[in-house]
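Notes follow the structure.
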Amino acid sequence: MSKTRLHPDGLTRCPWPGEDPLYLAYHDSEWGVPEYDDRALFEKLILDGFQAGLAWITILRKRDNFRRAFDGFEPAKIARYGDKKVHALMNDVGIVRNRAKIDGAILSARGYLEIMEKGPGFSALLWDFVGGEPKVNNFKTTASVPASTPLSATISKELAGRGFKFVGPTIVYAFMQATGMVNDHLVDCFCHAQCGTMKKPARRKTAPARATSLPQR
């Protein structure tokens, strides 16, 4: 039953980042902060899919490599990946080389493009499940934090029905936590109050992303 930890800088944090500087920075500035940008949400969902069976810190340490390898997680580019690009990804030592997950990212990108073209938009689709605002929990220990919820199961079913892969209820709940759809910082963590009071940012206005007939890569 892990509780918050007081760090040498005087801040009380959730226990899971330990003392790793990269993990601490992620905990303090990213995890649980509401994210409304369509592309950023897509990137996080794909990375969470690659995390399946691994620790998040493994993905975090490779995140820059993933961004390089996957063209900045631009869905319109990923949706066009063909055998040549997949082969290159499978030989890229900087990322997690899993064929099923790579293929899943391509299929998920195509699902994303359809949502952006036909509506309602990726961010709108996801955030509407929580009424557009973060659900604030007040857990005291990590033992109280669920691995999945009925809502994450509902979102999982919705995404899977739209062609997304590696979007099981547990992966979706981790995604919800990271993107601030739920605030699961422990109540005594200094980030809990900050995330819980953050204002909804203005959504970036973007033209619908469309699949193109460009050659596969």
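Placed from the backbone N, Cα and C atoms, the Cβ positions cover glycine too.
Cys189 (Zn(2+) binding site) counts 24 other C-beta atoms within 10 Å of its own C-beta, drawing on all protein chains shown. What TrEMBL lists as Zn(2+) binding site is Cys14, His27, His185, Cys189.
Mapped onto three states, the DSSP output places His27 (Zn(2+) binding site) in helix.
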